[in-house]
Amino acid sequence: MMRSLATAFAFGTVLPVPAGGRGPMGRGAMTALPVVGLALGALAAAVAWGGAVVFGRSSPLGGLLAVAALLLITRGLHIDGVADTADGLGCYGPPDRARAVMRDGSTGPFGVAAVVVVVMAQALAFSALAAGRPVPVGVAVAVFAGRVAAVLACRRTVPAAAGSSLGATVAGSQPATVAAAWVAVLLGMSLVAGPRPWHGPVAVLLGLGCGGVLVRHCVRRFGGISGDVLGAAIELTATVSAVALAALVRV
């Protein structure tokens, strides 16, 4: 278990993990990925809270700095998946052509637009959540939800896209019990994410639902999931969860 956790941190962050303490990315590391999400969520919440203290609760700078911190500590790994997946979905060719577009090193207009929307939506939502609560638990819950979405995307019935090395190692690797357990933990944490107990669960379920729709569409479009699809699902789920929660706390 510790080896899988170390592998998950080595994969999902820039934190130095000794080579001897980690293994290849696979089933165990994917199961442990939400733990990485908890750590990243705590970091983002702390930065957003600090930004609200320094710049004022009405300033969006705290949320923007929180997103920047996440991009730095994850090497932009998942946001790159957003760009590649958007470009692939924007291609009107057959699945093999769409997969080739995703593997291309350049970023097209769909990818650029998707990244801008995700970054700005997360930044503004994080700022709103930090302004509305003494401790922005909602920020941490949204980031955590994104990593839970990755586990759901790798459940037993989901295939890997042809030519995807990461997809081949993690697609279909997660039993339903593991996915259900992480969803239960997420829902439990989300109970304290908003002023009312139902705010958090509604927001994260909406986020997970949107992430699930994206994964299903990508399976139809690309023939399965890849590392880029997982990254896009993570970011979409986190974004929708944060935006929905920011809207609900004002109800």
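A Cβ is built for glycine as well, from the same backbone N, Cα and C atoms used for every other residue.
Taken from Swiss-Prot as is:
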- 35-55: transmembrane segment (TRANSMEM)
- 59-79: transmembrane segment (TRANSMEM)
- 110-130: transmembrane segment (TRANSMEM)
- 134-154: transmembrane segment (TRANSMEM)
- 175-195: transmembrane segment (TRANSMEM)
- 199-219: transmembrane segment (TRANSMEM)
- 229-249: transmembrane segment (TRANSMEM)
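Panel annotation: around the transmembrane segment (59-79), residues 12-15, 40, 43-45, 47-52, 115, 118-119, 122-130, 139, 143, 146, 230-232, 234-235 of the same chain, lying at least six beyond its termini, place a Cβ under 8 Å from a Cβ of the stretch. If you look at the transmembrane segment (134-154), the same-chain residues 6 or more away from its ends with a CB under 8 A from one of its CBs are 12, 30-31, 33-34, 36-38, 40-42, 44-45, 48-49, 52, 66, 70, 78, 125-126, 170-174, 178-179, 182-183, 185-186, 189-190, 192-194, 200, 203-204, 207-208, 211-212, 215, 225, 229-230, 233-239, 241-242, 245-246, 249.
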